[in-house]
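Working notes, structure below.
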Amino acid sequence: MRKIDIFDTTLRDGEQSAGINLNTAEKIEIAKQLERLGVTIIEAGFPASSPGDFDAVHRIAETVKNSVVTGLARCIQKDIDTTWEAIKGAQQPHIHIFLATSPIHMEYKLKKSPEQVIEQAVEAVKYAKKYFPLVQWSAEDAFRSDREFLVRIMNEVVTAGATTINVPDTVGYASPYEYGALFKYLLENVKGADKVKFSAHCHDDLGMATANTLAAIENGAAQVEGTINGIGERAGNVALEEIAVALHIRKDYYQVETGIQLQEIKRTSQLVSKLTNVVIQPNKAIVGRNAFAHESGIHQDGVLKNPETYEIISPALIGEGEIPLVLGKHSGRAAFRDRAETLGFDLSDEKLNKAFVEFKKLADRKKEITEEDLLTLLTEQQIQLEDVPLFELKMVQVQYGTENIPTATAIVLTPEGLEKTVVATGAGSVEAIFNTLEQLVPNAVHVIDYRVTSVGKGRDALGEAVVNIRYDHVSTTGRNSSQDVLEASAKAYLNAINRHLIKESLRAHPV
């Protein structure tokens, strides 16, 4: 059966979504989960774009062992050099270089003739091959490019040593029939097409990314690129979970396999949603909250008699199911460590100890500790960066009443090691807390977005607060969870400030 490689670009193309801002620890955590999911290639970032991206790609390349790690680069020698420095520690060094090929891009963006574009692409591939055994070349905006020109330039880059040719529908303009036909044409006309892999990369501007990707597979694509939950610029990329499940459920038709561990899909989706702060729409295919819900009485009756009457996908297939009671307040450190490892967390002793302390606090207050609670608690510990002095909330107290002005008092340990007490009022309890904590930093903090969601069910569920701020003209998002939503809100606000400090430290001391 033909094998389709899954190329995940959640950490590169996905992170280009408006409002997404991942730090290195979060990217590493997502990369490790993508490895557990079984993706063939992880595009970890664009190393030449910033010190932060370089650091993330470098560390992911050294961490991930069972998936190929790649970095994006323009067809520029400096970009390729930087990507090699970031990727060279990987098991199989891989680079993804790109150059636009559509008339509108060549004329207005590149300001180059078709011949100059071919020359630049060939030189870049030859240069990259000096470092990398695996070189993927992308024809940016391929679908809107002239077909004959695509054949010309692809002939040259294949001869130069490219091992994969990517054919992106960069602006999501294609229809399934047209996109499939383009693959058929290229595979029939590019010299040496049988010696390289052709890859599909679809955007969802017209809502056809999944259909277009499947059409490419039907017409010979050997690799598909996309993101978890379909995140990405504008309307997003193709959702890889949709492709993986569609190819599995309709294996009778497509006759291909992916190597994806389908039972890891739900956990991967939840992790990406949590760390990117992008909420999954309830009716999202495969991973939405309502994906397996039946409201109609006729449907419910049928499912009760035989689930296959209305369910073509078993919830268990993607790791969906009842969240069991896993630990309680009498559970010991060894059991906690074992459960953390079962859930896929490889925490340092220090982080495990901190997580265990938080677990015991929660267990004393909460009747039942669910797997979802543990995932939230362990994720928060795993993504903490400890190499930069940060603010730490020691205490927060709010005085509130319908006839009183809300007043917040906080005691905070500053990055300099000083304990500082701050007080402020606000129109409500949350604003009072934010106004109080804003006094800790020299410049104004603008809260762009704030929300609290429930983790799990019941009146004793954890509340997860997410705060998106703009400070020094830079947007940063913080998060925290607690049974007390005011405490969670205060810690989320400080988490956003701390993430800004980490960014500034990295900018001042690049890797």
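Each residue, glycine too, has its Cβ placed from N, Cα and C.
Annotated Mn(2+) binding site per Swiss-Prot: D13, H201, H203, N237, in sequence order, evidence recorded as sequence analysis. All chains included, 29 other C-beta atoms sit within 10 angstroms of the C-beta of H201 (Mn(2+) binding site).
Among the features that Swiss-Prot reports, domain 'Pyruvate carboxyltransferase' is placed at 4-266, with the record citing sequence analysis.
Sequence annotations record features per position, and here Swiss-Prot assigns region 'Regulatory domain' to 392-511.
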Winner by Cβ contact number (other Cβ atoms within 10 Å) across the binding-site residues D13, H203, N237: N237
Average model confidence [pLDDT] within the region 'Regulatory domain' (392-511): 90
Residues flanking the Mn(2+) site, with Cβ no more than 8 Å from the Cβ centroid of D13, H201, H203, N237 and excluding those residues themselves: T9, P168, T170, C202, A209, E225, G226, T227, G232, E233, G236, V238
For the region 'Regulatory domain' (392-511), residues assigned helix / strand / coil by DSSP: 34 helix, 51 strand, 35 coil
DSSP-derived structure type at N237 (Mn(2+) binding site), helix or strand or else coil: strand
